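Straight from TrEMBL, the features:
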type	residues	note
BINDING	93, 94, 95, 96, 97, 98, 99, 100, 144	substrate binding site
ACT_SITE	94	active site, tele-phosphohistidine intermediate
ACT_SITE	168	active site, proton donor/acceptor
């Protein structure tokens, strides 16, 4: 039986007491990793000389590493150029709508409006985010999202900003149909939309592929705007596209992310316009008086 021996020398990190500190991971000589097995020996060395790690302090004083966010080229830049400062973007899905309640396909239609429950959910979002100083609120101009944003933004000084790039995906003849009816009348098209949405096509138009491009446009408009902390109120499909494009995922991953009515997600962006997902579909505020302090 052969036995392997691994030897490693690593210099300790130097910590600081600041809330958001930067640690420099340096070495005075190459780290050597020797692996021997039988008559074979493998020598590994030469990693990046200066590895910068971004850290924050937890409540107990321990350091929490955000290193992946600080790695160069960790993700794709959504702005394709540097931005003035790092930014934070909070994404909110609109409250329950009439067509949500009736299990109808909504898409870009403006005929679905907030229910009373939806208004209450919007108010819960407002209270949950009341302690956060947002510079600006961006929203879809479609009624159910617009109404949610108006409730959420009550008492704030800045005007709401409505972006066409935050509108929901256009789903053609499926819009306004109950899901059960759409499945019966258009079985092939509906099944494609539900099971392979990236391939859903109407008259040569692929709605999901199109909304991926729209999401990239929305990110640019938002991130290149003045300010450091934004809230965005919009719809489920465009939210999925925003999240996926920020993470470098294609349309085929559309249904891998769930966003509930009133669900809150948070991204941080570095000065290269690269994203780090901080929170996804938070809903504690829907069931309690929970507030967010970030």
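Glycine is treated like the rest: Cβ placed from N, Cα and C.
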- the residue listed as 'active site, proton donor/acceptor' sits from the residue listed as 'active site, tele-phosphohistidine intermediate' (Cα to Cα, rounded, in Å) at a distance of 11
- CA pair residue 93 (substrate binding site) / residue 168 (active site, proton donor/acceptor), Å rounded to integer, equals 11
- Query: Beyond 93, 94, 95, 96, 97, 98, 99, 100, 144, what residues of that chain have CB atoms within 8 A of the centre of the substrate site's CB atoms?
  - Reply: 101, 106, 112, 113, 114, 115, 118, 148, 261
- Query: For the substrate binding residues given in the record (93, 94, 95, 96, 97, 98, 99, 100, 144), what is the largest pairwise C-alpha separation in angstrom?
  - Reply: 15
- Query: What number of additional C-beta atoms lies within 10 angstroms of the C-beta atom of residue 99 (substrate binding site)?
  - Reply: 21
- Item | Residues near residue 97 (substrate binding site) in space but at least six apart in sequence (CB under 8 A) | 106, 112, 113, 114, 115, 118, 144, 261
